[in-house]
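What follows is a single structure, written as structure tokens, with notes after it.
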Amino acid sequence: MSDNEQSVYAKRVKTIHYGSLEESDRWHVERKDNDTDGSGKTDYSQLTTADYMTLDEDVAKEKAALLEEFERRKKARLIHVSTDDGEVKSALRKLNEPICYFGEGPADRRLRLKELLSAYVQNEQNRFPILQLGEKGLPAAKPAKEEEKPKNQQKETNESTWYHEGPESLRVARFWIANYSLSRSKKRLEEASEKVRQHSATKAGRMVELQKHIQQLAPQCSQVGDTRPITGCSINEDSTLLLTCSLSSLCKVWSVPDCTLKQTLRGHKFNVSDVAFRPGVANDSKSEVAMASCSFDGSVKLWSYDSEESIADINGHVPHRVAKLAFHPSGRFLGTACYDASWRLWDLEQKQEVLHQEGHTKAVHCIAFQVDGSVCVTGGLDGFGRVWDLRTGRCIMFLEGHLSAIYGVDFSPNGYHIASGSQDNSCKIWDLRRRQMVYTIPAHTNLISDVKYQKNGGNFLVTSSYDKTAKIWSDKTWQPLKTLSGHDGRLVGIDISHDSQYIVTASYDRTFKLWAWD
């Protein structure tokens with residue numbers, strides 16, 4: 001046929017059906033039974049509307065079965081089964097199933113147990129909607145009828161609790177912290193309201209002046225602190241004393257700003273990892289706890305200004321390393337971060353441990369308290385941080401976002417911003433009110449060892465890193481304001497004086513540097 005010839009199309013005759021379709025449906029069913037050939041297949045080319053309706057019903061049933069199978073597999077994934085092969089076999093035995101098939105390995109056996117449990121739950125939930133799985137993945141006992149249960153058993157079930165009561169000292173500490181933090185939070189909110197009412201031009205002028213001061217920062221003193229690397233540093237409340245520690249097991253007290261040695265604290269038998277000044281203690285006080293230090297061997301020592309020997313020892317962490325410690329803003333409590341995947345709270349007035357808190361999957365490396373004293377934040381080598389309410393003991397925020405271990409955390413004076421420095425070279429800012437991360441600062445080219453907020457305003461943040469530098473960042477825009485360089489080794493610790501006049505950096509080059517405005 002040529003392209004010029006017109007194609008003739010056969011017009012399909014429209015068929016109109018009258019009356020009931022019962023006879024037609026019966027005829028189609030009989031023809032479907034008779035038209036199957038030896039292969040069991042049916043000629044679908046002659047199917048009518050009724051036949052298609054039958055196929056749709058079959059497809060719907062197949063879809064429903066497929067969805068049911070997907071749901072069962074989903075439930076199987078959510079079931080927790082022990083990785084111990086012995087416990088898996090014991091669970092199979094309790095279900096009256098073979099504990100082993102030919103050629104079946106531990107992983108296959110564990111998967112089979114999950115499948116059995118998911119099928120069991122699916123079959124039994126219609127009859128027992130409250131059916132649950134026990135701790136080891138085994139089905140809980142079927143609930144008996146209410147009238148068959150003894151009254152005593154019902155009472156015990158209703159009164160069961162998932163927690164255990166703490167000591168009386170913990171109750172006393174929590175009530176005291178609640179009363180202390182309420183007054184401080186009220187004062188902080190009043191100050192925040194006053195700042196909001198200030199004119200924007202006034203606030204902008206103060207920020208410009210602060211940035212000019214930061215640009216003028218210069219090293220005022222560089223001092224060899226020990227014969228071995230410096231591991232930590234801290235400045236007291238009136239900015240007159242500096243406390244350092246090192247791998248030589250010594251802690252030293254220096255005057256500020258001339259950096260002359262005033263006191264050497266001897267007592268640790270191993271590397272000292274961190275030090276801290278106790279707030280609210282005068283420099284001329286005697287026989288009073290004024291400083292604290294922690295060591296790699298798990299020992300924590302308390303020091304006074306009038307003695308070179310410790311006045312009290314805390315040995316509850318041995319043999320696990322205590323990486324960082326921090327005093328509560330009240331000075332009554334001491335928080336310690338331990339490598340046994342827990343942190344602890346010590347009451348210096350009751351002279352005992354009031355809280356041993358777990359929650360991290362790996363070692364806890366750092367801890368910091370909020371300015372009100374109501375909550376604290378911890379960071380661990382598992383790459384996660386947690387915010388804890390000291391009045392209730394609950395974890396109220398989970399810091400998830402870092403790709404590696406967290407080595408430094410700190411609270412902003414505003415009470416709701418948290419900074420965390422990690423091994424992934426980044427510093428993240430978190431908002432406690434929104435309970436989420438608000439900004440990520442790609443701060444350094446190596447891991448961040450510590451972070452510190454400005455204590456009397458929170459207008460800037462300082463980070464120290466293993467890239468041998470410390471950097472200052474603005475609070476709202478998180479732009480770099482100044483880079484403090486000059487150390488020959490990695491930086492492991494920083495601190496800012498309460499009057500914002502000094503910044504101290506401690507390094508593995510055995511020196512510490514005191515930075516001040518020109």
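Indices start at 1 and increase along the chain as displayed.
Note: Cβ is positioned from N, Cα and C throughout, glycine not excepted.
Unlike curated records, TrEMBL annotations are generated automatically.
Here the structure is a predicted model, which means the values were calculated and not measured.
Annotation comment: TrEMBL describes 24-40, 143-158 as compositional bias 'Basic and acidic residues'. The region 'Disordered' annotation in TrEMBL covers 24-44, 140-163. Residues or ranges marked as domain 'Pre-mRNA processing factor 4 (PRP4)-like' in TrEMBL: 83-135. According to TrEMBL, the repeat 'WD' annotation covers 265-313, 322-356, 357-398, 399-440, 441-483, 484-518.
Confidence across the repeat 'WD' (441-483), taken as the mean pLDDT and rounded to a whole number, stands at 92. Residues of the repeat 'WD' (265-313) grouped by DSSP class, helix first, strand second and coil last, total 0 helix, 18 strand, 31 coil.
The DSSP breakdown of the repeat 'WD' (357-398) into helical (H, G, I), extended (E, B) and coil residues amounts to 0 helix, 24 strand, 18 coil. Each residue in the repeat 'WD' (399-440) gets a DSSP state, and the totals come to 0 helix, 24 strand, 18 coil.
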